[in-house]
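> Dumping the structure here so I can ask a few things about it.
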Amino acid sequence: MRVLFILFLFYFYTYTEAQQYYPIDPTGKCEQYIGDSVITPCNSIYVSSTANQSTAMLSLNLYFSLLGGSSASCQNAYTFATLCSTYLPECEIFIDNSTNKEIAMPKRVCLDTCNSVSKNCQITSYFDCNQLEPISKLPLFPKESSDYNLTTYGGELNYRLDCYDPPKSNETTVIGYCPFPLVFRNRTIVGKGSDSLDNSENYGYTYVSEDSYCTIPCPAPIFSEKQWDNIFDTSDAISLVSLLCSVYLFITYMVINPKRNKYDYFFSFFVLSIILMSIAGTIGFSVGGTRKLLCPEINRRGVYTDPAVAAAGWIFQFAIINAILWFSINSFELWFQIKFIKRKLHLIKFYILAVLVISIALSVPLSAIGEFNAGLGNFVVWIESGKYQNWFFWGPLGIVLTVGTTFIGLVIWEIYKIVSSTNKSDFFKLQLKPLMNMLLIYLTFVYLFGYNFYIHNSLNGFYGSSEEFKNCIISTDGKDCRIQGPPYSSILMFVFCLRIYGVYCIALYGFSPKTRSIWSNSIVFNNSMANKLKTLYISSGTTKGGTSSTDIKMSTNNNSNMDSGGGKSSSMEPDEIILR
């Protein structure tokens with residue numbers, strides 16, 4: 001008997017020592033819910049002496065912002081009841097019969113409930129359900145219950161308060177909030193992908209997941225707003241300047257040029273392509289600028305159903321295919337004229353037909369299937385699908401670059417052979433401008449080609465930064481949070497290469513002797529009104545060194561006759577491929 005008694009005492013002592021009780025805060029109390037957050041109102045909230053509902057809501061709203069960007073399956077009554085009960089726990093009251101004092105105790109959320117919600121909402125990396133309370137070092141989320149010792153208050157030694165497990169409910173509860181810079185947009189979700197009732201992707205809304213209510217802003221937070229404005233403004237400015245320059249050159253070589261040769265036609269058709277590319281770049285002015293064209297709403301990118309977007313995309317694709325084809329034709333013709341000096345090609349009608357057919361074939365189908373859309377992280381309306389980009393642009397561009405590279409190399413080789421054998425340095429100077437034009441355009445096309453492959457090869461790295469972006473927006477105000485993307489300088493260079501062609505051409509041809517000759521002999525400066533103004537200007541002038549105004553007029557007329565008579569015609573200017 002003595003041995004059994006000793007064993008009983010040992011067991012009792014061990015059990016009572018091992019039993020751990022949650023502490024009771026004598027100043028803790030039950031309060032009515034103040035209702036400042038976006039949760040279902042509660043009748044009674046437990047508040048300890050070291051906290052209040054307002055401070056608890058700061059933490060609560062942090063997780064609401066996190067859940068706002070989560071899937072719809074996470075946004076249900078079960079999830080929100082669990083989250084609310086974690087920071088604003090339900091209050092349980094025990095009355096001390098000897099003093100009639102109310103003892104408040106929190107009803108903690110069950111561990112399995114916490115684990116289920118954090119796993120379903122994919123926030124296990126942000127919230128630890130196994131954490132301990134700071135003072136008692138007991139689980140914040142008990143497995144079954146919280147045990148209290150209420151003997152001091154006239155109660156039981158092992159007062160058991162079951163943990164809280166809200167009723168299971170799959171009813172969706174949309175909180176209408178997303179962490180900045182994400183933008184909330186309500187929608188009815190039936191399933192995934194094409195099962196969504198509003199088919200939002202076709203309207204330009206991009207959600208962070210298939211069943212989320214948070215949309216990515218437009219433009220995407222790859223750069224700061226100031227940097228995006230700079231990109232858009234740069235694109236607008238260069239496009240406008242390029243448009244004016246190319247229109248001037250087209251008028252010069254195609255409209256007022258009285259003696260057009262086939263090289264003038266080649267150059268004019270290339271310039272016409274640049275005009276169309278520039279129009280595509282300036283079409284945003286019709287809707288308030290490039291930003292408004294690409295992003296009609298703060299969370300919507302422009303798509304093919306927007307008339308201005310569809311027009312800009314089609315014109316750009318048609319024009320840039322035209323441009324690279326005429327570039328290839330020019331390089332071939334330049335090589336052929338140098339290689340076979342006395343032989344002439346008369347293929348201009350064939351060239352025009354071939355360029356039109358190819359350009360239409362590579363642009364119209366894309367418009368029919370709605371591929372011309374604005375990108376969230378781009379400054380141009382273009383082909384959206386990488387597959388169609390490769391088929392309808394990068395593939396043809398690769399072929400053209402190969403052809404262009406071959407003929408440019410052959411041109412340089414032929415010039416080298418001629419200069420080396422004949423010592424005609426003036427021949428090299430003669431071909432310098434067309435060669436420079438080919439090289440500049442070639443280099444910009446090469447950059448576009450290489451940049452595309454850089455972007456595609458870096459996509460995994462860009463997408464891999466989404467976790468860092470998510471951590472940033474839930475822990476800060478989101479203003480400085482960025483999704484990793486291409487360097488800012490590379491985007492500016494891409495803008496430059498796409499929009500600069502008109503400036504290239506006018507720098508090489510806009511003020512050449514041939515251009516000046518075309519304008520001086522054109523109807524613009526040779527009509528009755530212009531002649532009267534010239535006569536008036538000359539007759540009103542004073543002479544220097546005894547020369548009369550009549551002498552000046554006669555000298556001018558003689559020079560004019562020499563330019564239009566037996567001298568070289570405007571078609572024999574140094575811009576042509578002619579041996580001297």
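Heads up, the Cβ atoms here are built off N, Cα and C, so glycines get one too.
Pasting the feature list from Swiss-Prot:
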| type | residues | note |
| --- | --- | --- |
| SIGNAL | 1-18 | signal peptide |
| TOPO_DOM | 19-236 | topological domain 'Extracellular' |
| CARBOHYD | N52 | N-linked glycosylation site |
| CARBOHYD | N97 | N-linked glycosylation site |
| CARBOHYD | N149 | N-linked glycosylation site |
| CARBOHYD | N170 | N-linked glycosylation site |
| CARBOHYD | N186 | N-linked glycosylation site |
| TRANSMEM | 237-257 | transmembrane segment |
| TOPO_DOM | 258-264 | topological domain 'Cytoplasmic' |
| TRANSMEM | 265-285 | transmembrane segment |
| TOPO_DOM | 286-308 | topological domain 'Extracellular' |
| TRANSMEM | 309-329 | transmembrane segment |
| TOPO_DOM | 330-349 | topological domain 'Cytoplasmic' |
| TRANSMEM | 350-370 | transmembrane segment |
| TOPO_DOM | 371-391 | topological domain 'Extracellular' |
| TRANSMEM | 392-412 | transmembrane segment |
| TOPO_DOM | 413-434 | topological domain 'Cytoplasmic' |
| TRANSMEM | 435-455 | transmembrane segment |
| TOPO_DOM | 456-490 | topological domain 'Extracellular' |
| TRANSMEM | 491-511 | transmembrane segment |
| TOPO_DOM | 512-580 | topological domain 'Cytoplasmic' |
| REGION | 542-580 | region 'Disordered' |
| COMPBIAS | 551-563 | compositional bias 'Polar residues' |
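Tell me about the setting of these features in this model.
Residue density at N52 (N-linked glycosylation site): 13 other Cβ atoms are found within 10 A of its Cβ, drawing on all protein chains shown. A coil conformation is recorded for N52 (N-linked glycosylation site) in the three-state DSSP classification, outside any helix or strand.
A C-beta separation below 8 Å, combined with a sequence spacing of at least six in one chain, links N97 (N-linked glycosylation site) to G154.
Taking a C-beta cut-off of under 8 angstroms and a sequence separation of 6 or more, N149 (N-linked glycosylation site) has the following same-chain neighbours: Y21, L157, N158, Y159.
Just so you know, the Cβ of N186 (N-linked glycosylation site) picks up 9 other Cβ atoms within 10 Å once every protein chain is counted.
Counting only same-chain residues 6+ beyond the ends of the transmembrane segment (265-285), those with a CB under 8 A from a CB of the stretch are 235-236, 238-240, 242-243, 246-247, 249-250, 253-254, 291-294, 308, 311-313, 315-316, 318-320, 322-323, 326-327, 329-330, 333, 348, 351-352, 355, 380-381, 498-499, 501-502, 505, 509.
Across the topological domain 'Extracellular' (286-308), the model assigns an average pLDDT of 92.
Note on the topological domain 'Extracellular' (371-391): residues 204, 206, 216, 218-220, 222, 231-232, 235, 280-281, 290, 293-295, 301-304, 309-310, 312-314, 316-317, 452, 456, 485, 491, 494-495, 498 of its chain, located 6 or more positions outside it, place their CB under 8 angstroms from a CB of the stretch.
Beyond its flanks by at least six residues, the transmembrane segment (392-412) meets 317, 320-321, 324-325, 327-328, 331-332, 334-335, 338-339, 358, 362-363, 365-366, 383, 431, 435, 438-439, 442, 445-446, 448-449, 452 of its own chain at Cβ-Cβ distances under 8 Å.
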> Among 237-257, 309-329, 350-370, 435-455, which stretch has the most Cβ pairs under 8 Å to the transmembrane segment (491-511)?
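Per the Cβ under 8 Å count, 237-257.
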> Should anything in the same chain at least six residues away from the transmembrane segment (435-455) have a Cβ under 8 Å from its Cβ atoms, list it; otherwise answer none.
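Residues 324, 327, 330-331, 334, 389, 394, 397-398, 400-401, 404-405, 408, 411-412, 415, 486, 490, 493-494, 497-498, 500-501, 504-505, 508-509.
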> Please report, as numbers and ranges, the same-chain residues at least 6 past the borders of the transmembrane segment (309-329) whose CB is under 8 Å from any CB of it.
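For the transmembrane segment (309-329), the nonlocal Cβ contacts are 266, 269-270, 272-277, 279-281, 283-284, 293, 302-303, 351, 354-355, 358-360, 362-364, 366-367, 371-374, 380-383, 392-393, 396-397, 400, 403-404, 407, 438, 441-442, 445, 501.
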> Under an 8 Å Cβ to Cβ limit, what residues of the same chain, 6 or more beyond the ends of the topological domain 'Extracellular' (286-308), are close to it?
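That would be 183, 185, 202-206, 215-219, 228-229, 232, 235-236, 367, 370-376, 378-379, 381.
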> Would you mind pulling the DSSP three-state label for N149 (N-linked glycosylation site)?
coil
> Given N52 (N-linked glycosylation site) and N186 (N-linked glycosylation site), what distance in Å do their CA atoms have, once rounded to a whole number?
32
